[in-house]
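Trainee: Please read through the structure below; I'll follow up with questions.
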Amino acid sequence: MLKILLPMAMLLPTALLSPQKFLWTNTTAHSLLIATLSLQWLLPTYYPHKNLTQWTGIDQISAPLLVLSCWLLPLMIMASQNHLQHEPPTRKRIFITTLITVQPFLILAFSTTELMLFYISFEATLIPTLVLITRWGNQPERLSAGIYLLFYTLISSLPLLVTILYLHTQTGTLHLTMLKLVPPTLTNSWTGLLSGLALLTAFMVKAPLYGLHLWLPKAHVEAPIAGSMLLAALLLKLGGYGIMRVTLLMTPLSTHLHYPFLTLALWGALMTSSICLRQTDLKSLIAYSSVSHMGLVIAASTIQTHWSFSGAMVLMISHGLTSSMLFCLANTNYERTHSRILILTRGLQPLLPLMATWWLLANLTNMALPPTTNLMAELTIMIALFNWSTPTIILTGIATLLTASYTLFMLLMTQRGTLPTHITLIQNSNTREHLLMALHIIPLLLLILKPELISGAPL
């Protein structure tokens with residue numbers, strides 16, 4: 001743990017003290033080094049926990065998410081270079097510092113074995129995200145987006161804190177390893193039901209469940225590119241990870257809790273996919289597609305079978321990389337045309353042919369084409385749900401169909417069609433952007449060769 005956390009802490013002086021000329025180079029290179037170091041967490045082991053210290057330990061569920069969060073820091077720094085180039089140097093340093101501060105909290109949240117520490121780091125990631133959105137967003141609406149994000153998360157996570165304290169008084173410990181050994185305290189009494197509801201709701205808002213998702217499109221649309229990548233790729237995964245961790249404590253989960261969440265998640269996947277077909281705003285479309293994908297993850301983790309858990313794990317990782325890549329692509333369009341409206345950014349393929357290739361690849365992964373891990377994950381989840389209850393195949397099937405249709409709609413709207421007359425001069429795509437896209441898509445394509453690294457199944 002420390003050999004990642006200490007270099008991560010030393011990133012702060014690197015960002016604050018690097019000479020102006022080498023600021024981007026130093027921070028990107030340093031965070032890339034940390035990202036490559038973190039790959040060792042993926043090494044298979046026979047122990048339930050790797051690197052077990054008193055408060056932190058890495059098991060099969062958290063290792064892939066930890067590597068993902070380390071991997072995305074250099075990518076966020078690389079993506080933000082262009083829109084910060086006219087800012088004064090001090091502001092650039094503060095921006096990079098804000099990005100770096102999220103990282104230790106994320107690592108703590110994913111690797112902790114103690115519920116209270118998990119709660120603290122879960123809430124602490126909110127602050128730098130809020131700073132990113134309300135300070136570096138593009139429109140004045142970013143303030144209302146920030147308020148939405150803050151209050152949704154806070155109102156939902158206060159019951160979580162109360163329940164964690166109640167659990168502590170009941171069992172005398174909050175260690176996950178210990179809680180697996182004590183008999184389950186959350187029985188089918190009213191107290192148990194309400195505690196289970198409180199535990200789940202906080203993560204459902206974060207994940208977001210359909211119906212509690214209204215903060216997400218707002219926050220995504222207003223956030224700068226790094227904020228969008230952080231939200232889509234990592235903060236949503238905190239919700240999914242929390243659900244997987246907490247449902248393991250509440251065995252067996254009462255059906256009163258099961259059904260509403262499962263129905264909402266699957267119905268939400270269908271609804272948000274159809275909302276995507278009517279979107280005019282590119283970033284909002286990608287944000288809604290995240291809601292529908294995470295709906296599958298929520299549905300899978302509530303039924304608690306081995307298949308559904310490993311499907312949810314793979315989907316979280318592959319969705320993290322895919323949606324992050326889509327936001328980067330939307331951002332490259334935005335930087336050139338200064339508009340997110342799909343009608344105003346049509347027909348960019350003849351102008352940026354290489355970018356069109358990245359668009360095609362990202363969209364194909366988003367709609368789960370065969371050689372990608374997205375397909376493997378969605379199939380695993382659908383089979384697990386189908387095995388659990390047959391009629392779910394109707395909902396998941398329609399959701400898949402709609403996913404394919406809105407993804408193709410997005411691809412055709414941005415790449416094909418006639419060029420709008422107001423686009424006269426457009427700058428070329430540069431190496432930095434191509435490297436950014438490559439670093440998103442190469443891990444995705446390589447992971448299908450050894451998917452057990454991210455499947456969360458004990459090897």
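For all residues, glycine too, the Cβ spot is worked out from N, Cα and C.
So TrEMBL lists these for the protein:
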type	residues	note
SIGNAL	1-17	signal peptide
DOMAIN	1-109	domain 'NADH:ubiquinone oxidoreductase chain 4 N-terminal'
TRANSMEM	61-81	transmembrane segment
TRANSMEM	93-110	transmembrane segment
DOMAIN	113-403	domain 'NADH:quinone oxidoreductase/Mrp antiporter transmembrane'
TRANSMEM	116-133	transmembrane segment
TRANSMEM	145-169	transmembrane segment
TRANSMEM	189-212	transmembrane segment
TRANSMEM	224-244	transmembrane segment
TRANSMEM	256-277	transmembrane segment
TRANSMEM	284-303	transmembrane segment
TRANSMEM	309-329	transmembrane segment
TRANSMEM	341-361	transmembrane segment
TRANSMEM	381-414	transmembrane segment
TRANSMEM	435-454	transmembrane segment
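Quick one: how deep are these features, and who are their neighbours?
Mentor: Sequence-distant contacts of the transmembrane segment (93-110) (same chain, six or more residues past either end, CB-CB distance under 8 Å): 4-5, 8-9, 11-12, 15-16, 23, 27, 31, 56, 62, 65-66, 69-70, 73, 76-77, 80, 84, 87, 117-118, 121-122, 124-125, 128-129, 131-132, 136, 226, 230, 234, 238, 241.
Proximity of distant same-chain residues to the transmembrane segment (145-169), defined by a Cβ-Cβ separation under 8 Å and at least 6 residues beyond the stretch ends, is recorded for 115-116, 119, 122-123, 126, 129-130, 133-134, 137, 179, 185, 195, 197-199, 201-206, 212, 214-215, 218-219, 221-223.
For the transmembrane segment (189-212), the residues of the chain that approach it from at least six positions outside its boundaries are 122, 152-153, 156-157, 159-160, 162-164, 166-167, 235-236, 238-240, 242-243, 246-247, 249-250, 253-254, 256-257, 261, 264-265, 267-269, 271-272, 291, 294-295, 297-298, judged by C-beta separation under 8 angstroms.
Below 8 angstroms of C-beta separation, residues 61-62, 65, 68-69, 72, 75-77, 79-80, 83, 95, 99, 102, 106, 109-110, 118, 122, 125, 129, 132-133, 136-138, 200, 202-208, 216, 283, 286-287, 290, 294, 297-298, 301-302, 309, 312-313, 316, 320-321, 323-324, 327-328, 331 of the same chain, each at least six residues beyond the ends of the transmembrane segment (224-244), sit close to that stretch.
Same-chain neighbours of the transmembrane segment (341-361): 279-282, 285, 325, 329, 332-333, 410-411, 413-420, 422-423, 426, 428-429, 433-434, 437, 441, counting only residues six or more beyond its ends whose CB sits under 8 Å from a CB of the stretch.
Sequence-distant contacts of the transmembrane segment (381-414), counting only residues of its own chain at least 6 positions beyond either end whose CB sits under 8 Å from a CB of the stretch, comprise 266-267, 269-270, 273-274, 276-277, 279, 282, 285-286, 289, 292, 295-297, 299-300, 303, 305, 307-308, 311-312, 315, 333, 342-343, 345-346, 348, 359-360, 363, 366-368.
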Trainee: Looking at 61-81, 116-133, 256-277, 309-329, which one has the highest count of Cβ pairs under 8 angstroms to the transmembrane segment (435-454)?
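Mentor: Answer is 309-329, with the largest number of Cβ pairs below 8 Å.
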Trainee: Limited to the domain 'NADH:ubiquinone oxidoreductase chain 4 N-terminal' (1-109), I'd like the whole-number average of pLDDT.
Mentor: 93
Trainee: Against which stretches of its own chain does the transmembrane segment (284-303) lie, if we need a Cβ under 8 Å and a gap of at least six residues from its ends?
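Mentor: Residues packing against the transmembrane segment (284-303) from afar: 204, 207-210, 213, 216-217, 220-221, 232, 236, 239-240, 243-244, 247, 253, 257-258, 261-262, 265-266, 268-270, 272-273, 275-276, 309, 311-312, 315-316, 319, 323, 326-327, 330, 340, 342, 366, 378, 381, 384-385, 388, 392, 396, 399, 402-403, 406-407, 410.
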Trainee: Is it the case that the transmembrane segment (61-81) and the transmembrane segment (256-277) have 3 or more CB pairs under 8 Å, with pairs at least 6 apart in sequence?
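Mentor: Answer no: the transmembrane segment (61-81) and the transmembrane segment (256-277) share fewer than 3 Cβ pairs below 8 Å.
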Trainee: Please report, as numbers and ranges, the same-chain residues at least 6 past the borders of the transmembrane segment (256-277) whose CB is under 8 Å from any CB of it.
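Mentor: Same-chain contacts beyond the ends: 193, 196-197, 200, 204, 209-211, 213, 250, 285, 288-289, 291-293, 295-296, 298-299, 302-303, 385, 392, 395-396, 398-399, 402-403, 405-406, 409-410.
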Trainee: May I have the DSSP-based helix, strand and coil counts for the residues of the domain 'NADH:ubiquinone oxidoreductase chain 4 N-terminal' (1-109)?
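Mentor: Reading the DSSP string over the domain 'NADH:ubiquinone oxidoreductase chain 4 N-terminal' (1-109) gives 81 helix, 3 strand, 25 coil.
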